[in-house]
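Following: one structure in structure tokens, then a few remarks.
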Amino acid sequence: MRFGITMAPPGVYMRNRTCHFRDVVNINGSLSPALRLCNSFWKRQRPNMKTSQDVDDLLMGMASQIAEREDNVVVEDLRDYMYGPLRFTRSDLVAMTIQRGRDFGLQSYTVVRKALDLPPVRTFEEINSELNQTNPQLLHDIAEQYGRDISKLELFPGGLLESLDGPGPVFSAIILDQFERIRNGDRFWFENRQNGLFTDEEIQAIRNVTFHDVLVAVTSAEEADIQDNVFFWMDGDPCPQPAQLSESMLHPCTNATKLDYFDGSEAGFGITIAVLFLFPVVSLLVACMVAYLRKYRYRKFQRRRQAGAKAEEQPSGITAYEWHGHKKPLNPVSVEFNEGGRLQVFDGCGSSLRHLTLGNQEYLDVHLSNDRHSKALLLKVAKEYDLVLFFDDEIKRAAFIKHLHEVVTDIRQDFKVKEMREKELLKMALTKEQRAQIVETFIRHAFSKVLEIEKCDAGDMSGISREKAREVLQCELTASEFADALGLKPGSLFVDSMFALADEDRNGYLSFQEFLDVMVTFMKGTPEEKSRLMFSMHDIGGNGFLSKEDFAKMLRSLIEISNGTLSKTQVEDGIKAMMEETGVKNKEKISWEDFHYLLRDHETELQFAQLNVKGMEKQGKKRLNRDQRVSFISSANRRENRNVKTEGQELRRRQKSSANTPNVYVKPKRERYIRNPVQQKIQHFKRFIENYRRHIVCFIVVFGITAGVAIERCYYYGLQAQSTGVPETSMVGVIVSRGSAAAISFLFPYMLLTVCRNLITLCRETFLNRYIPFDAAIDFHRWMAMTALILSVVHTLGHVVNVYIFSISDLSILSCLFPKVFSNNGSELPLKWWWWFFLTVPGTTGVLLLLAFSFMYVFASHYFRRISFRGFWITHYLYVVVYILTVVHGSFALLQEPRFHIYLIPPALLFLLDKLISLSRKKLEIPVVRAELLPSGVTHLEFKRPQGFAYRSGQWVRIACLMLGTDEYHPFTLTSAPHEENLSLHIRAVGPWTSQLRELYSEESLLETGAYPKLYLDGPFGEGHQEWIDFEVSVLVGGGIGVTPFTSILKDLVFKSSMKSKIQCKKVYFIWVTRTQRQFEWVSDIIRELEEIDTQELVSVHTYITQVAEKFDLRTTMLYVCERHFQKVWNRSLFTGLRSVTHFGRPPFVSFFSSLQEVHPEVGKIGVFSCGPPGLTKNVEKACQQMNKRDQAHFMHHYENF
């Protein structure tokens, strides 16, 4: 009971034995009559208390000093200036006492009176009637504080109010009861005779000892220096006090001061947080270094492969450096002078860059620099860009000028030399880039007169000076510039013939009007005018006839403008087919009518045929949409109505015989529903849900559980964990860290299930495949990983807040929150922030986890994974460290008992089982039976099929080569069919590992090793392409090396059909997209074999060659004409040698899928499977989405990118 605080004075006197009350020194050096209580707490080193005599003086002064009255008044030294904790040095003892009573649950004042059998009080005035008379305002104010409800009055203030010159009845009863209980409960009390500790004489001696005797014994005071009853001072006692102390007589109390526990830690704490967030930057720098080393080694490997190639001999001539612009480096060149005044420029490897005919100019204008060591030379070239050369020194430049002067003298041409500063010389020069810009603008202005192009789209010459613009616009196009503008080879027959026809003045250049005349014919002429112009290009004599050789030359020039799409043999075969099919094979002279008859079936193509000029692809308002230009499938009645066109054959393979071939071209049996935009959106949404219903359900389940466990922890620590005291200390930090930790504890373990390849492959064959999208396992892995990463960052930020809060909390609070870690030793000071980060198990493991995450996620990005797959694989093995550290991270149990292992055990067991399955296969060496290096960098490997190795078409395996390291596995799709004895792969060399693999199986390496290097095999593993068999109609789209899974599917389909196996799939459309037909010739070989076996025409193959212009470009039109004539004669494609149709340009999938809906109106679902670059699969996905807006067949897309 703290009733005694009412007796404490504001200060204490100090006196000596002679009753001299001395002055005390204050904190500011001034003097006071007594030692101030509020300024003396916890200050041992003081000027007033240096010796033991000072303590004696303090005790004697206290003996003489009269205490305050036992009433309800407490001095300010114990109210507003009571000592407090280090971080806030002042407190209020009365307020602390009241709060302590609340904390311990003491009953109210009225309840305690009733418990002590004291008469009840009903109003505040009844508490102390005498006080109510002397100070009624005090009782009135207190009553207002408690809402005049006396039942709410607490014990301590109620007991103080009833005290007057001594404790009131409540405090008196409590004090008496406490003393009696202490005495009666203490078995060592000296008056307790039952314990046998003291005799009667000893008890009486103890009773006779007074506190006066104790003070005299322990101090320097004598008997007469202190009164006998030291607790009371009576008249006549020695050394009376000078006066009763009051606050006004003493030095004022010092104000409260604060101690910031975090003071001085701001910089270190901030730097540490910044370093943690720089972990990804550090890992990014490491990844960039690894990528650079990989690229360097790959380039070194490529250079070593090319080391045996003989370099071309360096041409002789004058060496110099050609200048192309201020921001471009100088290129080393050599210059030679030939007969006839020709100047030729070669690059460092000896390849010809350009040649100049010096005799075509009226005079030769040469400018020389006269500063900066006189190294620069400018040769002005009419009708072309200028030649600017830098020489090593002035001597070499003088030698060049000497040779140039000799050549000019031989051709009798004027020669002018002018000197100027180098800066002015370079400013005067017309660079190749400037010339190209002006020529492009020149061509745009020409086309603006032919096509409907706005003036603003034709370009301007604002960046060129008027002098240069006038000079160049007055000049004419060279043959090379004309060919470059059309995107053709400068030396092709077509360019030479067309240039000769357009160059009416025969000066070797095309003027604006000459260029315009020929463009008008090709852009806006009729089919007859276009074909007559092409014929006239080779009718040099103008007699209207061509010889058979000239006619073949004309056809060859028209075919060759396709930029080398056909080989020479194919060109000759195509010419023979066209001449044979049109009946001109036996004619000696061929007229224009014969040539136009050759194009009779292709007037539509010729009508829209143009010459595409660079920069004009998107100009003009009469360009046709790709989907509108190209037709694929025509219904039967439409095909019958066409007289000579056979477009209906573009979807099916050419018939090998006319016997019993089913007509797949039927009329649509269902009507098309024309919907408004809202209905289309609804239909699109319905199809989206139908397509991705499994994905959506799994997404909701996984992330619903994630959100559920996170919300449960947030709710617990926000509303149910009040008793722990943690939320009151760091509410936001604890909720954020614990909620994110719960979500991470679920995501990280169950992420393992998405990479259990063997279990996923096994589950594909079960009923689970109808409910779980196993195709999206890796996508789910990425989503879960990115979510876990974001939550890890959030978790870290939550703990950053927690560390800050704990670093500024008193030790007493921390010992209450973490009793297993801290003990309250009274020091009050908490541990610094760095202790939490680096000296605790959670802190250290958390920092290491962030570092591991940084490397794993950076190396797992698409860019670095492609450059350094080995780096990705090695860093991803850190998952073992991650799971170990995560288990240890939570084992410290600072806030709650560890839970991570509960989530980890089930998926970890399944993952371990999957790993054991893979390990049981990995160490089996597989001998390679056959290896073949195919064009386009493709390596064909055929190896023995392990015993018990069962797989489905479209599945993939992982292989490692023993000579390239047994721990680096790479995934590849099987190109063999399940019925074949051996397994086969087609691997394209696009990176270091695949290039080294190709090198190992080259003839040179085989001569050194003597045998094929063996492989390690892991698999097979399933993917979405194997579900082609579940659809009645399937569309396979392969781009580039992405055709590999489909070769296995096609062979499997044909084999099952030949064996009359019951399969659901009745028709497969295979779309092969390739840059050139020679890029993957091995695919043509496989398709050719399928065409021979496929007697029931189950497979329809379409080849798209993209390295040509669009369909209605002139060059593509001639390829189209040549292809169709060749098919009529030989019943196969000129390009691929297959019976399948060859198309030019990119496939318009919307038109193709639309035709499928007409051909197969009874089919409700069509499976679309694509594999290739992301651009291809995205286009297929967009086409499927557009088709699914209609109320017809549902296109379900499965794709794989490489």
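Yeah, the Cβs are placed from backbone N, Cα and C, and that goes for glycine too.
Record features, source TrEMBL:
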TRANSMEM  267-293  transmembrane segment
DOMAIN    490-525  domain 'EF-hand'
DOMAIN    526-561  domain 'EF-hand'
COMPBIAS  639-652  compositional bias 'Basic and acidic residues'
REGION    639-661  region 'Disordered'
TRANSMEM  696-719  transmembrane segment
TRANSMEM  739-762  transmembrane segment
TRANSMEM  783-805  transmembrane segment
TRANSMEM  833-860  transmembrane segment
TRANSMEM  872-894  transmembrane segment
DOMAIN    921-1027  domain 'FAD-binding FR-type'
## Note on the structure
Of the listed stretches 696-719, 739-762, 833-860, 872-894, the one with the highest count of C-beta pairs below 8 angstroms to the transmembrane segment (267-293) is 833-860
### Query
Looking only at residues six or more beyond either end of the transmembrane segment (833-860), which have a C-beta under 8 A from one in the stretch?
262, 265, 268-269, 272, 276, 279-280, 282-284, 286-287, 290, 785, 789, 792, 796, 799, 803-804, 806-807, 868, 871-872, 875-876, 878-879, 881-882, 885-886, 888-892, 894
### Task
Go ahead and report the DSSP secondary structure tallies for the domain 'FAD-binding FR-type' (921-1027): helix first, then strand, then coil.
25 helix, 39 strand, 43 coil
### For the transmembrane segment (872-894), distant same-chain residues with Cβ under 8 A (at least six beyond the ends)
741, 745, 748-749, 818, 820-821, 840-842, 845-846, 848-849, 852-853, 855-856, 859-860, 864-865, 900-901, 904, 908, 967-969
### Query
Average pLDDT across the domain 'EF-hand' (490-525)?
65
